[in-house]
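Colleague: If you scroll down you'll find the structure; I have some questions about it.
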Amino acid sequence: MKGIPSSSNQILNQDLVEDQSFELEDWLPITASRNANWYYSAFHNVTAIVGAGVLGLPYAMSELGWGPGVVVLILSWVITLYTFWQMIEMHEMFEGKRFDRYHELGQAAFGKKLGLYIVVPLQLLVETSACIVYMVTGGESLKKIHQLSVGDYECRKLKVRHFILIFASSQFVLSLLKNFNSISGVSLVAAVMSMSYSTIAWVASLTKGVANNVEYGYKRRNNTSVPLAFLGALGEMAFAYAGHNVVLEIQATIPSTPENPSKRPMWKGAIVAYIIVAFCYFPVALVGFWTFGNNVEENILKTLRGPKGLIIVANIFVIIHLMGSYQVYAMPVFDMIESVMIKKWHFSPTRVLRFTIRWTFVAATMGIAVALPHFSALLSFFGGFIFAPTTYFIPCIIWLILKKPKRFSLSWCINWICIILGVLVMIIAPIGGLAKLMNALKQPDSSCKST
């Protein structure tokens, strides 16, 4: 590890560190604390994966149809679990070296400069776009609560943009937490909330039963053609599996010894997390589509009309979960920016620097969310364009470079299949996502029912 450069050899405040022989890694939010264990891994990963994407899965199913929808849903779960395992295995693949950040693993595979150029922009875009979507979803949930509480007429006075501002206020406070382990309590509550609102969504749908005159065929919606909607749905599915962008950062919080490497508790936590993911995703996607067919809305909780109290509770759970999810994705961004500010620009690592960086980021994501409050369109575009590479095929490319499996062996073939499928999603899904986003921008942000 490298300490603070001599050109900025300031003495840190006593409230930041006790030892004046300061190491940068001991201050940055990803590596400041390494006392986590397998269940920290489990709930951090649940919080990271089961996010806003689960609420859009029934809508994605309606755009894909039963056959393709089920295939894509299952295939995505299997492929992403495999690439998740790859990243955990590669965290300490070289003795005495831990790849605590995604871009460090990329540098090991592609070279010091090229690795940064490939991974850092994608990871920043993934984490920033996730935070933007969570801002939008939090605002939508707050608006739904307001609508159910005061009625449609009164709710028309406020748009979803106003509720995004309210949700953002919580992130200005939570962003003050120092590192990954300091948000463990928030992440645990968020994980429980994600399971709770997912359960409410599919149980309420199942209890309601199949809607009258339900249809499962393809239909044109929101001025988006059926083929473009189909492509966009692939991006929505990809968005639902975004945990890979923080997996190494989560593993970095787990202690490691030669006798008990960090990959053991991390993989144990990942298995638990993916079982929970399956419990959340499959019932919500399948039961939601079965109940409402192609009349399901972009957010399944917006489709459910009652009982009113249950829908309010579900949206409260969504809001609490998103408070934690936002921080899980924002923490690596804070780590990158703080590292650059201290290493390259020689800023002193103080609370003022930390708060300035974090509040600026929260304000920026809030501003973009207010400008583009379109849930499904954002899922489609971001999911295909930037989530697919970091989740579906970059781990496989790195594995082929570093592990060098024998050509045409099982490992080699599996990785190339994942790469081909991931590249296809990256190319075609943003086409549908961009079309949906352009059409969404033409729609007014007016009544409660429409937004």
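Note: Cβ is positioned from N, Cα and C throughout, glycine not excepted.
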Colleague: Is G269 placed by Swiss-Prot on the same side of the membrane that R34 is on?
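Modeller: Swiss-Prot topology: R34, G269 on one side of the membrane.
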Colleague: What stretch of 64-84, 160-177, 310-330, 381-401 shows the most Cβ pairs under 8 Å to the transmembrane segment (228-248)?
Modeller: 381-401
Colleague: Who are the long-range neighbours of the transmembrane segment (310-330) in its own chain, taking Cβ under 8 Å and residues 6 or more past its ends?
Modeller: 44, 47-48, 50-52, 55, 126-127, 130-131, 134-135, 137-138, 141-142, 144-145, 148-149, 167, 170-171, 174-175, 177, 183, 186-187, 189-191, 193-194, 196-197, 200-201, 204, 242, 245-246, 301, 304, 358, 361-362
Colleague: Give me the mean pLDDT over the topological domain 'Cytoplasmic' (1-40), rounded to a whole number.
Modeller: 58
Colleague: Do the transmembrane segment (270-290) and the transmembrane segment (381-401) come together with 3 or more C-beta pairs under 8 Å, pairs six or more apart in sequence?
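Modeller: No, since the transmembrane segment (270-290) and the transmembrane segment (381-401) share fewer than 3 Cβ pairs closer than 8 Å, they do not count as touching.
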